[in-house]
Every structure is written in C-alpha cells, then in structure tokens.
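Student: Submitted below is the structure of interest, expressed as structure tokens.
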Amino acid sequence: MKRWKSFLNLYILKLRTVNIFKRLFVMFIFVTLLPITLYGILLYNKSSDIIQEKVNLSIREALTQISTRINEKIEKVRNDSIEISYLEEIQDVLIDYDNYNERMKNGVKIAVTDKMSKKYVFDNIMSEITLYTLAGEKLNVYGNSTFTVNLKPEYLNEFLSVCYSRNGACVWKAINHNYEDRIAPGVNIDKNKILLGKSIKEKTDGKIIGYMVMAIDEDKIRNLYDKISSSMNMQVFIIDTNDIIISATDLNTPIGEKYQNDTVLKKIRNSYPLAGDNFHLAEQNAMLYSFPIPQADWKLAALIPITYLQSDLKIIMKNFLFIGVIVIIFCIIFTFAFSITIISPINKMITGIKSFENGDFSSKFEEDGNDELTILARQFNKMAEEITQLLDNIKMNERQKRKLEIQALQAQINPHFLANTLNTVSFIAKLKNETSIETIINAIIELLRDSMKNDDSLHTVKEEISLLKNYIIIQDYRLMGKFDVEFKVSPQVLDLLIPRFILQPIVENAIIHGIEPSSKRGLITITGTFDRDQLFFSITDNGVGMETEDLVLNSRENPAEKKSRFSGLGVSNVNNRIKLMMGDQYGLKVSSEKGIFTTILINLPVITKNPKLESREERHV
C-alpha cells in the first residue's frame, strides 16, 4: 500500500512539472479519443457480426432456393421418366423390336415426340430420349437424331449394367465429349450432358424389357442457379456421391470428372446430409456452403470469396474512418478552446496575485461567468478586501493597545476612591481605637504596589487572589460587612499565569452593581478550574442582577462611575485586554437573572511559564 502511495505521489509530482494547458489538452484528447476508439471498435465488431449474419442469411436463402428449384426439377424429370416408360409405344417397340421396320420405328418416334411436345411445351429440359433393347439395339424416340448421345461402348455397357442392377430406379450420370464416339467431334463439343437412365419393365409381369436413357443439357440445370450465383459472385457446383461433377458455373470445370479439391470434398462430406452448413477455407480465402439435393442424391456446393462477404464491411470501415477523423479534428479544436477558457483566467489570476504580492492591494479580477474560476476570482477579491480591512483593524488595534498600555502604566488610585477610603479610615479611627486600621492601610499599600506595575505583565493566580483579597478587605470595611466572599479555586491552577487585574474589576463590578444596591446580605462566589489547555474563572453574586447580559460587556462606563472604581479598568476593559493579549477566542461571558444573580465567566489559555510580552502578542493577536 505504501509503495502504491509513494508511486502515486511521484506520479503526481511528475505531472505537476507539466503546465496545466498541456495536461488539460492531453487529458481531453485522451478521455475523448479513447472512448470513441473503443466504442468504434465495438460498434464495428457488432456491425460486422450483424452484416455477416445478414449476408450469411441471404446466401443461405439464395442457395436454399437454388437447391429447392433443382430438386423440384429433378423430381419432375423422375416422375416423367416413369410415365414415359409406360407409354404404349415404348412398351410395344421394346417387346417386339425385331419385328419393327424403319417406318414403324419412325412412327414410334413421331408418336412419342408428339406426346412430349403436347405435355412439355414450356417446361421440358430433356434434349433427347433413347431406348436400348436388352440386346443393345439403340432407338432414338425423341430429340435430334443426327446428334444423339453416342456413348463409348465401355461407358454405355457400364451405365446400362448399373441401370439393370437398380431394377427400375433412376441412375444419374454426367458426361462430356470424352465419353462419346462422335462422327464429327468438333460439332456440339461444348454440350455437356446429364443422363438419366433406368430399366423399363413390362406392364403386365414386371419383366425388364429394355432401357431408357434421357439426356439433359447441363446448361439447363446451370441456368437454374446461374443468375443468382453471378449476382453474389459465387462459384457453384453440383457433385454426386462419387464426387463426380454434375454441373458448375465455371465453364472450364470438367463436367463428368471427379472434383479434385480434397479439402472442399472433406468439408462437403462432413456437412452432408445437413442443409446450409458453411465452412471457412483459409487457403482459398472463401466460405464454403453445402446443401443437399435429395431427389438425385446430389450435393450443391458454393464457394463465396471472403472479399465479397466483407465488401459491405469495407464501406462501413471507410465511413467510420472518415467520421472518426472528423470527430478527432472536432475534439482537438474543442479541447483547445475549452483549455483556453481555463488557462486564460488562471493566467489573469497569476498576474493579479503577483501584483498583490508586490503590495498593490487594489488588484481585482473582473471575471464574468458562474464557474469555479469565477467564484475563485470573487473569493480572491473578497479576500483582498478582508486583508485590507484586517490591516486597517490591526493598525487601529495597535493604536488602541498603546492607549491601553499608557492607561495601565499611568493608572493610579483614583483620588476620589482614596479620599473615600481615607474618610472611612478616619471614621473608624474616631469610633474605635482598634488595630483594624492597620489592616486596611496595609491592604491599600499592597493595591498601590500592584497598580504601579506594568499592566501587561503576567503573574500567578495565587498572586491575583492575594491582590483580590486586599481589595475585598477594603470593600468589606467600606460596606460594613454587608457581603461574604467564597473562594473555590482548585489548587492546581494557583501556579498558572494570568494577566494582572483580571479578577479584581469583575469582583468590583459585582460589589458596586450587584451587592451594594441590594437590600439583602451579599455573597460572592469565586471559582477557578482548568480543562486541558483552557483556564476558567467564575464570579457569581446574588445581587440585583440585570436584564441585558451584553450590557456589561459592550456599554461604556460614564465618568462618574469610573471615578468611583479602584482603577479605570472596568469589565469591558478587561474583556478587551484579554482578547488583545490572548486572542478573540478568549474573553468574558455574562449570564444574569433580574433580582437573583449575575455570573461572569472568564476564559483564558493555560500558561505555565511567563513568556515575553512580544511573544504573547504574536501568539494571541
């Protein structure tokens, strides 16, 4: 934890060596570009997935449509082959082929052609129909007899043998010109064929009486998917269970030959008989889709280049990059303008603070707005005004302090007070010839000695109580024992230091304003305690009390009342002296209830040794 904290502090120190403008500029660029970049990447990936899925779905739908159309077409051809095989003309010629002359054979062809033409006017993909007897005799019954399919003997025998073994089921085979013996090889050489062969059974006993081979031009099948595949840039081909190519969009693909790409074949075999499986072929940079054509036990395969699948993504990427560049430029401009709105006021503040540091207290910031910098400028202006006011107050307090010091140094026993006291002494001397005169005179002497000392000096609580007792002796004789005084001062505070003449003016105020006007016997209770770093004195009298407690602290004494005191130090004077010497947090608090009591609480700091006057002023002013 400490390592991380030290690392963080070091990082902050490093950053603090860079000016605010650069930090703000880098920060705004970072916090804008990073989210935009991350969001862009996420958006691109999400869009890529969505578009890929839609393209994939579109391709699947197109290939499903192709496989369905081919399957339907193959099914129709199969059904037609069954119907054609049971035509009366077909049955008769195969059963009694040896007794048919050329005219009769030609009549069969005319009859079959007529029926085929009537039934398949618009939907016939068969180019020819050829019959083979069990002895291998050939008879063309539909199509151009000049250019009929003429399989080489080895291929023909193999094909018819398979037809025979399938016992009437359809047998499919794709061929090219290499499978044929042609009189004119250059004629119609580009016509690849798809053959449907089957054995023909007699209607009555189901005995095989011959074979029928129906030829379909390969381009008739290719036309079923060529337009769709071209629009999607697909390479489509159809293969059978022996991996022989049945049809293909690529005209250079050898129809009737085995497909040579083992990787593609392996993928197709793994997908079969599932519909719509797709695989990524990295070596060909393409996607492979495979669909079954169950009517012929074929497989439709389509290779689609990855570039085609990603063509829309490239457009999106270009648009995104364009928008990204625009956003980056906008962010840079916005960041620069935004940084200026912060740096400009800060620079003005720095200039103003330097002027303030050089003594120009009239420096002010004129900032319009409602942001934090405006608030800071206003607070600085307010602080400057307060500092100016404080300087004026300090000057005024210093003048007042000097005045109080002079008053304290010059304070002497008031002549009227001295006259009254001496009259009291004279009166006592006349009435009683007692030693009490000595007591009161000694008390006066002690008070005179204390009053001639420096007013700002500190002495112990014990010395202050001794001074206070001398004063009480004099007042007790003056008022003929009208009051009692009770001291409850903790012994622990007796050696603490306090300013001189702090308690005496308070007790004097209690006697003059509380006890003397009252008709009952007076009681003054003086307590002294401390708590941690604060010293507390409480002076309570049971005199006449007052209605407004603040009056004793805030009002100025009239000259006649001032003359009747022992010195010029009244309660408000004591409060001001404490605040000037010790600080504003210290002073007097008054609580009173009319006709019952008055309590003055004195709050002072705990001082255990007598510091120099200058150091006390520095600590508490």
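Residue numbers in this text run from 1 along the chain shown.
Glycine too: its Cβ is placed from the backbone N, Cα and C atoms.
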Student: Looking at the candidate ranges 51-78, 387-414, 443-470, 527-554, report the one that TrEMBL labels coiled coil.
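Tutor: It is 387-414 that TrEMBL describes as coiled coil.
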Student: Can you name the far-off residues of the same chain, 6+ from the ends of the transmembrane segment (320-343), with a Cβ under 8 Å from a Cβ of it?
Tutor: 20-21, 24-25, 28-29, 32-33, 36-37, 40, 43-44, 373
Student: What else in the chain is close to the transmembrane segment (20-44), if you only count residues 6 or more beyond its ends and a Cβ gap under 8 Å?
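Tutor: Distant Cβ neighbours of the transmembrane segment (20-44) are 313, 316-317, 320, 324, 327-328, 331-332, 334-336, 338-339, 342-343, 346.
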Student: Using DSSP, break the domain 'HAMP' (340-392) down into helix, strand and coil residues and give each count.
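Tutor: Counting residues by DSSP class gives 39 helix, 0 strand, 14 coil.
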Student: Could you give the mean pLDDT over the coiled coil (387-414), rounded to a whole number?
Tutor: 69
